[in-house]
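Features as listed in TrEMBL:
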type	residues	note
DOMAIN	1-110	domain 'HotDog ACOT-type'
ACT_SITE	N8	active site
DOMAIN	166-280	domain 'HotDog ACOT-type'
ACT_SITE	D197	active site
REGION	293-316	region 'Disordered'
COMPBIAS	295-305	compositional bias 'Basic and acidic residues'
Amino acid sequence: IMRPDDANVAGNVHGGTILKMIEEAGAIISTRHCNSQAGEPCVAALARVERTDFLSPVCIGEVANVSAEITYTSRHSVEVQVNVMSENILTGAKKVTNKATLWYVPLSLKNVNKVLEVPPIQYVRKEQEDEGKKRYEEQKLDRLETKQRNGDVIFPIINPEPHTVGYSQSSLIHLVGPSDCTLLGFVHGGVTMKLMDEVAGIGSARHCKTNIVTASVDAINFHEKIKKGSVITISGRMTFTSNKSMEIEVFVDADPFVDESRERYRAVSAFFTYVSLSKEGKPLPVPQLLTETEDEKRRFEEGKGRYLQTKAKRQA
């Protein structure tokens, strides 16, 4: 059941709270499947979240039903599809609010750097396996391309002008404690996503000065594990605005203080999309993002490309 501490000032549940529930469901079913046959015990670790659409808001007092299904397995990874449905227990009304696809890899409990083999699943139709393999190859290629462009760093800007990239950018520093971690001592993917959504939401609210809600999340790529005791910095900057939406790029960098031999590294990256709403919950126009540098203009055009591509897919 959704409670007040799960929601924003408008009474809608935070997108990060939903993402955390989605990840928990995926981790449970993946870990269960990977331990379904005799062998070395393991825990499924989140590697990637495909685009997640927020189809409808979840409100305080409603019950969130999260269901997960394994749809494909490769030798070392598991694809899980997760649906979220909200239920008003006073009226009985139900609606689908979120759909997401996640990829997990099984890590050995004895050696966290060892990826184990995944037990295969039985497909009802041969086409299901072929389609799953195609999705697997596509996400594998995208993860590689994303990792190659992860050298960017977000620096603070002194006295930025309103509606510029520097004006809305935000960051959060978090010490990773035991409650944030899995049995292996690494951060839960859901905890990381919740913090990322918080930073992206702050940036969106700064830009438009209204109530904002998460509309979608582009692929979230988990490049490296984050150990307990690390200090993580979550940074967000606006990259693109359309008439009714804002795209925010979010990075998670980890400082492994408990391991002095390791330098700061990029652990997670993603793009979040938000919309601006009135007090009545109606969409509002979004102020145009003012780009000042060549890099900002390049990122704006890249964001525009992602926006047009997603729009075409929805129309199709």
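Along the chain as shown, the residues are counted starting at 1.
Including glycine, each Cβ sits where the backbone N, Cα and C put it.
TrEMBL: automatically predicted annotations, no manual curation.
Distance from the CA of D197 (active site) to the CA of N8 (active site) is 12 Å.
Residue counts for the compositional bias 'Basic and acidic residues' (295-305) under DSSP (helix as H, G, I; strand as E, B; rest coil) come to 11 helix, 0 strand, 0 coil.
Per-class residue totals from DSSP over the domain 'HotDog ACOT-type' (166-280), listed helix then strand then coil: 26 helix, 54 strand, 35 coil.
Mean pLDDT, taken over the domain 'HotDog ACOT-type' (1-110), works out to 93 on the 0 to 100 scale. Within the domain 'HotDog ACOT-type' (1-110), the DSSP-based counts of helix, strand and coil residues read 23 helix, 51 strand, 36 coil.
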